[in-house]
Structure formats: structure tokens, C-alpha cells
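**Q** Annotations per TrEMBL:
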{"type": "BINDING", "residues": "A:99, A:102", "note": "Na(+) binding site"}
{"type": "TRANSMEM", "residues": "A:26-45", "note": "transmembrane segment"}
{"type": "TRANSMEM", "residues": "A:57-79", "note": "transmembrane segment"}
{"type": "TRANSMEM", "residues": "A:91-109", "note": "transmembrane segment"}
{"type": "TRANSMEM", "residues": "A:121-142", "note": "transmembrane segment"}
């Protein structure tokens, strides 16, 4: 284990996330609810602008899930490896906005409806294509952000004075 | 009205995902991300049920687009799969991707079958 969270929503192995609900439960839950509502509205908006007919490849949900995966990779590197972010940034943007924007249930049900409408190959291509593109997107988001954020990490290092305990060196 | 219903559904679904994830992790200290697996499979079951009913437009906006959409998540699923692979637990990464998709499809199918049995 590298000590970084595996679950971007909440990872109880990370002490700060384990205690975040105790410290201010309503703030955290309100941030997640507000973010989730914004994310879901954005997904609905894109689905309305780019609708798909039964039996057609659901491009809007495909791009929603792939772009959401790219952005979670960027966000998680920023909040766990680069910044000391405000305690509501991850709940609002990660759990709320991106969690509400992307969807697993629609992905699965859309794939099944493609099969039910006599397009099993399109359904299979949609299942496999989304998975491959989403994993490539999250990989790209993480790697590119690490690459770009590296100089800033170097600049931040001298702020830690000798003898001072820091969260970064403590892990 | 549709927008209000989506907002309400998502404002319930997203915090419920967070709370479910916490509750599952508190009971199962495992490398496998059971919390996200649980919400994604549950969301697929409910959406399968709604899709086959067929539900009223308002119910679909609230419970389908809002609630199930925000309860289930692809970004968390994708990030977890990558992190498992990064940490050297490739087996869990592959198992997470395969099990989530197979269980999600199974759950949606069960939801659809129940809806069809009820509506005849």
C-alpha cells in the first residue's frame, strides 16, 4: 500500500477521512448533496442535448463516464498528493459532482436495453469500450497531473522547517 | 419540474453512496472496494426495475436520473480499479472490473424480471 486512498469517495484507512464525518457531519453531507445535484443536472443536460434512439450507441453517457474518470484522476492527485485542500473540496467535487455526474446504473441498463432491442454487439462494444476508455482516462488524468504538479511539490517542500512534524513526512 | 426532481433525487443518492460506502468499509476491512460495489449493484437493480415498469416521467427523473444516477458512480469505480492496479493488487483490479459489471448486469436483469412479473 502506498498510503494514498484507494476509494476516492471515502477511504477509512486515511485518518483525516475517517474522522471527517465526526468533525462536521452536516457540512460534509450538504457538500456531497449539492455536488451530486450539480453533477446529475450536468449529466441530464448532456443527455438531452445528445439523445440516443433505442438500439444506438449511448454516446452521451459514454462521454460523461469517460470524462468523469479523467477528472477524478486529476482531482485525486491534486487533493491527496499536491495540495492541502479544504476539507470539503473532495466531498463536494469528488463524491458529489463527479460521483453524481458519472453513473454505473445507466451504463448497465443501457447495455441491457441494446441487447433487448436486438443490438447485442453494440451492447457488448458499449460495455467493453466504456471500461477501456474510462480506465485509460483515469490513468491519463493521474499521470499527467503528477507530471505537471511535480515542480510545485518541489517548491512546497522548503516550507517544512527542521524538527517540525508534517503530514507528508509522517506517512 | 423535471430539473427539481433530478436535484432532489441526486441530493439523496450522492450522500447515501457516501454513507453506504463508510458503513460497508467499517464492517469489511478488505482491499476489495465492497462499498462502491454495493452502491453500483444496488443502483443497477433499482434502475432495471424502473426501466421495465415503465415508470412515470417524474418518477424516472427523481428515482432514475437523480437518485440511481447519483447513488451509482463510474468515476469512483474507475479510480479504484486503477489504484488497485497501481498498488500491485492486479488480481483485485481485474476482479473489481469483472465482478462489478457482471453483478451490475445481473442485478439490473433481476430488477427487470421482478417489474415484469409484477406488471404481468
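Placement of Cβ uses the backbone N, Cα and C atoms for every residue, glycine included.
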**Q** I'm a bit unsure how to read this: which one of A:26-45, A:57-79, A:91-109 has the highest number of Cβ pairs shorter than 8 Å with the transmembrane segment (A:121-142)?
**A** A:57-79
**Q** So for residue A:102 (Na(+) binding site), how many other CB atoms are inside 10 Å of its CB?
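**A** Result for residue A:102 (Na(+) binding site): 30 other Cβ atoms within 10 Å.
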**Q** Reduce the DSSP letter at residue A:99 (Na(+) binding site) to three states and note it down.
**A** helix
**Q** For residue A:99 (Na(+) binding site), which residues of its chain lie six or more apart in sequence with Cβ-Cβ distance below 8 Å?
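**A** Once residues fewer than 6 apart are set aside, residue A:99 (Na(+) binding site) is near A:9, A:32, A:35, A:36, A:39.
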